[in-house]
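Engineer: I have a structure I would like to understand better, so I am pasting it below and will then ask my questions one at a time.
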Amino acid sequence: MSGQEKRLMVMAGGTGGHVFPGLAVAHHLMDQGWQVRWLGTADRMEADLVPKNGIEIDFIRISGLRGKGIKAQLLAPVRIFNAWRQARAIMKRFQPDVVLGMGGYVSGPGGLAAWSLGIPVVLHEQNGIAGLTNKWLAKIAKKVMQAFPGAFPHADVVGNPVRTDVLALPLPGQRLVGRHGPIRVLVVGGSQGARVLNQTMPQVAAKLGDAVTIWHQSGKGGQQTVQQAYAAAGQPQHKVTEFIDDMAAAYAWADVVVCRSGALTVSEIAAAGLPALFVPFQHKDRQQYWNALPLEKAGAAKILEQPEFTVEAVASTLASWDRETLLDMAERARGASIPDATERVAEEVSAVALAR
């Protein structure tokens, strides 16, 4: 099979943690001559983001059940069946050689549709604990990969595909050696922000004073409130932005990151070679805790669960990290990363397609 003949359908949606790694693999294979289409939902971020990346997208109607009422749960089998039929019709038209499930609700009916048509299914689990959809699909998949050890007992650990501009950053030894002055603290709560960070970090800044300079991403609608909180704490000099468009530049600026531990965030921080103080989102399966644990075990990060994320604990932790410690942690972070994750996932997809 030549590169010109290969066809891939990527199934991913809902959040950047699913969509961005899928885009990285898609572009890598498109550069090798693959035809790529995307299966997503019309009301989530992939609907805009995927076409902007030059990839055609097909939509099915599916959403999650968590937090829904009894009526929605009773209707779930009908909705899943309808989504499966939609996905099956789309795949019959496109005839992919392989489908790649990167997570999100769309992967469930999409993976079942591919399997019912004899199209091999490849899965990539971004998180340290497998989601329900991927647990089901793993039973029918030809290949299962995981970003962090432990999500599946026997799956290959391949890392998370991250953006090329993050991978292109200078290594910690080049970037951090010779820095002096206040420790540069990057605070990132994700695109939606994180209330615990927005409420706690201005008080941390007051405790640490001139020892730190902070760049704080507040999330949508939070900039003015967080700026006022820093000013009220006597720390108006710190930079607060609603979003950070160029995360690679922010990582290059930082000495340490204080953030949630979503899968893609953890992988990007490791690839950038940065120490981190993680405050995992409190989810019932502790997904973000398991994402962050490998970097803590590597000596590259510290985890403070949300009840422990107090002004005193955060200030004490940051104050204990001098520049020598931060450089050592940064090098450990980079050493724990898998910078060729995109290539590893793409190679497995190619191998499954060639084995048909």
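Quick reminder: no glycine exception, Cβ is built from N, Cα and C everywhere.
For reference, Swiss-Prot lists these features for the protein:
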BINDING   Thr15, Gly16, Gly17, Asn127, Arg163, Ser191, Ile244, Ala263, Leu264, Thr265, Val266, Ser267, Glu268, Gln288  UDP-N-acetyl-alpha-D-glucosamine binding site
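Neighbours and distances for these, please.
Structural biologist: In the three-state DSSP scheme, Arg163 (UDP-N-acetyl-alpha-D-glucosamine binding site) falls into the coil class.
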Engineer: Given the binding-site residues Ile244, Leu264, Val266, which one has the fewest other C-beta atoms within 10 angstroms of its C-beta?
Structural biologist: Ile244
Engineer: Among all the protein chains here, how many other CB atoms are within 10 A of the CB of Gly17 (UDP-N-acetyl-alpha-D-glucosamine binding site)?
Structural biologist: 23
Engineer: Relative to the Cβ of Thr15 (UDP-N-acetyl-alpha-D-glucosamine binding site), which residues of the same chain, six or more apart in sequence, are found under 8 Å away?
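Structural biologist: Result: Met45, Gly104.
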